[in-house]
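Engineer: Dropping the structure in here first, questions after.
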């Protein structure tokens, strides 16, 4: 029981490291100018190191000192966590376009008709030669850290599961594994809560004083302290690793088993129809979860105009606990009714059918794209034939990005592109509003800083309730499907079969999943930020396309699992 406790703690902190990346992914995209395809690849890259080793380690199974290997793997995971935070310390401070001169720069993105070269804005200046080299270094460090994270994680789950299943009684084993699996799901939940807490701090909290930061965390240019969480999580893993070096190699052992060769065992498992079908169903479910976990925060931010911090809070406090409840309920039903294998599969089918029915309406719950002058909205005077009069005289920089919301309900990409010439500030030097905007219709032509938002917050609660419900229903299939695998194969192949199962889930679901979702999201982008002639992060999405492609993929995998 102490081993189960330690293993729960270790899995929790290991998932804190890998889950935290997903909670801060939209922030890292913005900070380093990454597309969703790149960030999806980064998020799934830890599976690469993992896949290469997992089958062989599982095959070694009971021939090695399992607890010590788990401990060594955990130390690697901890190192990877510290490496993930490194880019923050090797790159300069974060730059963004601003209207008020500051200690960093005396440029402004207001409309200055007379000034020659007023367009020499921050965003043009930011393309120094070192900027692109810095970007490559950041990606290299992060990809290496992710690979190490995968390698370190290899022994943790299969060895822990087989060690427990070997030495627990047949009656208690499902209970212990149920506890571990629910921890496995709580882990990412805690990670999203950690993300929610850390992203409220400004990214350069250690480099600049709070007085110099002109952004609030509701601003589209805001970047939170994504790196802080990695330091917290990595320290936790290092602490959890220590007890493993003191566990015995084995507790009282199950029956002697014949030594079969590696290829023979592999074929025997892959030819087993129940094993294969259950694993395929789990591949579909994992592909769905991989995309959800990686980009759900970003989806909520864009669809319902939430801050990154609030989106993480919702996922960590509502969606993930819901899934945990589902897993525990599934395990409890198994234990209560002592289900046969056939009943287990019936339970899985029922769970998925109900999940499909609750997930379908989600495709229709969402917001239209906000009106952005020159991107989704073409009737503003800023773009008409009188363009010359309206903002041409301002000589706006091509790439400026400091969104403002006009009094006409249209969003403009910068005060300059709306022709605003004046700005009024509050006593604490934060911006109150922009005035004298020649492109904004109506008296006085004023605008407030920040995005206009998508304006359909009333759909947000029904969306969260339905998605949480669908998650509960889908996750009731988790423990019964695992039992189908553990009880339908020969006892001595258990460790190996679980290893193969994890490997197939990684190769077919966790690795391609986030990249697939990321590409689907990128395909709904309307306007890309450019950095040094390189396509960077997406500024505006077509909200309806984003929703249909993102949730459509999710629904597709749910049907596959069913």
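Just so you know, glycine gets a Cβ as well, placed from its N, Cα and C.
Whatever TrEMBL says is automated annotation, not expert-curated.
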Engineer: According to TrEMBL, which stretch among 1-29, 175-203 corresponds to the feature transmembrane segment?
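Structural biologist: TrEMBL lists transmembrane segment for residues 175-203.
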Engineer: For the domain 'Kazal-like' (384-438), what does DSSP give as the number of helix, strand and coil residues?
Structural biologist: 7 helix, 14 strand, 34 coil
Engineer: Who are the long-range neighbours of the transmembrane segment (274-293) in its own chain, taking Cβ under 8 Å and residues 6 or more past its ends?
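Structural biologist: Result: 19, 22, 44, 188, 341, 345, 348, 474, 477, 481, 484-485, 488-489, 497, 501, 504-505, 508-510, 512-514, 516-517, 550, 553-554, 557-558, 560-561.
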